[in-house]
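> Sequence annotations record features per position, and here TrEMBL assigns CTP binding site to GLY27, ARG30, ARG111, ASP154, ARG157, ARG160, ARG163. The ATP binding site feature in TrEMBL is assigned to GLY27, ARG30, ARG111, ASP154, ARG157, ARG160, ARG163. According to TrEMBL, the Mg(2+) binding site annotation covers ASP40, ASP42. Among the features that TrEMBL reports, domain 'Poly A polymerase head' is placed at 22-142. The domain 'tRNA nucleotidyltransferase/poly(A) polymerase RNA and SrmB- binding' feature in TrEMBL is assigned to 170-229. Taken from TrEMBL, the feature domain 'CCA-adding enzyme C-terminal' applies to 247-393.
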Amino acid sequence: MKEPFLSAVPVIKRLESAGYEAYFVGGSVRDYLLGNKISDVDIATSATPDEVKAIFPKTVDIGIQHGTVLVLLKNNSYEITTFRTEGEYQDFRRPKEVSFIRNLNEDLMRRDFTMNAIAMDANGSIIDPFDGQTAIKERVIRTVGSPEERFREDALRMMRAVRFVSQLSFHIAGETLLALKKDAHLLDKIAVERKRAEFEKLLSGDNRKKAFRILLETQVFEYLPGLKNQELKIEKLLSYLCDSLNKKEMWALLLYCLELNQQDSEAFLRNWRLPVKEMKEIQDILLYAKQRLIKDWSRYDLYTAGSETIQSAEKLYLVLKGINDYDSVKYWLNTYDHLPIKQRSELAVTGSDIMAWREQAGGPWLKELLTRIEHAVLQDEVVNEKEKIKEWLKACSQKSEKNC
Ligand SMILES: Nc1ccn([C@@H]2O[C@H](COP(=O)(O)OP(=O)(O)OP(=O)(O)O)[C@@H](O)[C@H]2O)c(=O)n1
């Protein structure tokens, strides 16, 4: 056994010495068997949340109605969940009555896919009643038992299947795929936030295009915000070589393919309940990439976009143009790095300086003038030094005001 399981073994041992069963379960065991990077380890136990809390001095109730307690131990935290029956994976905002059981097998039986229904004990022995290891070897996503039953327990599992296609490059077993086609409509009832979490993992996976094809084939896309009746536009996305794009860039590519105007793009992202900051970043990426389709970056655009957006927008532009060479990203980032200023606060003059020089109270004119100075500094029309800018302004006002 290796990290992060090793550090978590004492947690399992403590539960065992208090008379309970406890195992590693879920994605961490799957990823371990796959040889992939393991994120968090999850532990399932026969102890109820109250019993877990009585054993460990530091705990946090993170989903107690679902039987989950977070245990804090030696700078690490572990999600410990009581063996559960159905209903447990539903929307956290609509808690359902959860019945706890004392049996690992029954807990595993209610999990989504056989690859996720494998447990490992503190000695590293694998408990695999549904042959998840074969599924992992064969790289197949197959529900534990009846797909209809598993999807009726939690329809989000259909999106999880598609996101695992993207993330793990597995394929979906025939019967499971048929159920996806039949039951896709059940996704209507699932909270957008949960759909978004899966969709974003899908957007970032290596096999994202295959996952999009399955969204189309199964009609799952019809039940995702803003994608109803957008089959042709989603197909357009499949024509791009987009593997190099990150999550935000993929959102921007999707917006591009959907051909939405600024206002509708915003509504689309809002319907997906994206945080406002991310919405703005995605819209900026799209805006500059579209601009880039028409012309080169101006120094002022580089300045207003900033390095992260430059990089993302240029990458998206290259994808849209079908160019598979990233030298231009480096070129524009380098140009950005050499700009004389990166933000207004770096200007050698402030609004107060200008008001004092002009003996005039502030107003819209001041904002305009500061923008004009920014342009001039960025274009090397004037050096970013207070005296130089003062002289430049004086020379300007001697000419027509328009020239400044
Ligand atoms: N709708 C769900 C969600 C989760 N699970 C079970 O709970 C485990 C943990 O779920 P989660 O952390 O959401 O996903 P992982 O499978 O761990 O995948 P990852 O951590 O890569 O997101 C899953 O492996 C699966 O056994 C389930 O059966 N049904």
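A Cβ is built for glycine as well, from the same backbone N, Cα and C atoms used for every other residue.
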> Work out how many Å separate ARG30 (CTP binding site) and ASP40 (Mg(2+) binding site) at their Cα atoms, rounded off.
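Cα of ARG30 (CTP binding site) to Cα of ASP40 (Mg(2+) binding site) measures 12 Å after rounding.
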> List the same-chain residues at least 6 positions away in sequence whose Cβ sits under 8 Å from the Cβ of GLY27 (CTP binding site), in sequence order, or say none.
SER39, ASP42, ASN116
> Quick one: largest C-alpha distance among GLY27, ARG30, ARG111, ASP154, ARG157, ARG160, ARG163, binding ATP per the record, in angstrom?
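With GLY27, ARG30, ARG111, ASP154, ARG157, ARG160, ARG163 as the binding residues for ATP, the largest Cα distance is 20 Å.
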> Taking the Cβ of ARG163 (CTP binding site) as the centre, how many other Cβ atoms fall within a 10 Å radius?
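So the number of other Cβ atoms within 10 Å of ARG163 (CTP binding site) is 23.
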> Fewest neighbouring Cβ atoms within 10 Å: which of the binding-site residues ASP40, ASP42?
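Across ASP40, ASP42, these binding-site residues, the one with fewest Cβ atoms within 10 Å is ASP40.
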> Out of GLY27, ASP40, ARG157, ARG163, which binding-site residues lie by ligand 1, with a C-beta less than 6 Å from some atom of it?
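Those binding-site residues that pass the cut-off, since their Cβ is under 6 Å from ligand 1, are GLY27, ARG157.
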> ASP154 (CTP binding site) to ASP40 (Mg(2+) binding site): how many Å between their Cα atoms?
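Checking the Cα atoms of ASP154 (CTP binding site) and ASP40 (Mg(2+) binding site) gives a distance of 22 Å.
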> Just to be sure I understand the packing, how many Cβ atoms besides its own are within 10 Å of the Cβ of ASP154 (CTP binding site)?
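Other Cβ atoms within 10 Å of ASP154 (CTP binding site): 20.
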> Inside 10 Å of the Cβ of ARG160 (CTP binding site), count up the other Cβ atoms and send me the figure.
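A 10 Å sphere around the Cβ of ARG160 (CTP binding site) contains 22 other Cβ atoms.
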> If you count Cβ atoms within 10 Å of the Cβ of ARG157 (CTP binding site), leaving out that atom itself, what do you get?
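Summing over all protein chains shown, ARG157 (CTP binding site) has 26 other Cβ atoms within 10 Å.
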> Which one is it: of the binding-site residues ARG30, ARG111, which Cβ has the fewest other Cβ atoms within 10 Å in this structure?
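Checked ARG30, ARG111; of these binding-site residues, fewest Cβ neighbours within 10 Å: ARG30.
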